[in-house]
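Here the structure is laid out as structure tokens; the discussion comes afterwards.
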Amino acid sequence: MIPPNATAVMPFLTTLGEETAHLQGSSATSLARRGPLGDDGQMEALYILMVLGFFGFFTLGIMLSYIRSQKLEHSHDPFNVYIEANDWQEKDRAYFQARVLESCRGCYVLENQLAVEHPDTHLPELKPSL
């Protein structure tokens, strides 16, 4: 003799199969879409949301722990030490100031004495020939 199954899945499947065999057309598809207890899928949606929530929480935890381990692992990297030291900014600033001073040495201002002495005088312009 076969011991009884405590989950009772087989009788549910057999009754569902018998019901769908008797029905035809669109009523069979609507029965297949309906939940087994007729609760319109409220518990199924809750289950899916719980699974997605656990998955998201687990994934977020892994991501944050990985990011933290990468920060701790690379904190003594020479590149990061160089960036944090701000030596490069001071060198850049000194180089930029030297370039500005070098370019200013070549700068000079031409002064038009006629325009300074007689600012009301009209200066003639050349008209382009056609």
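One is the number of the first residue shown, and numbering goes on along the chain from there.
The backbone N, Cα and C atoms fix where each Cβ goes, glycine too.
For reference, Swiss-Prot has these:
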- Asn5: N-linked glycosylation site (CARBOHYD)
- 45-67: transmembrane segment (TRANSMEM)
- 68-130: topological domain 'Cytoplasmic' (TOPO_DOM)
- Ser103: phosphoserine (MOD_RES)
Average pLDDT across the topological domain 'Cytoplasmic' (68-130), rounded to a whole number: 74
Other CB atoms, at most 10 A from the CB of Ser103 (phosphoserine): 9
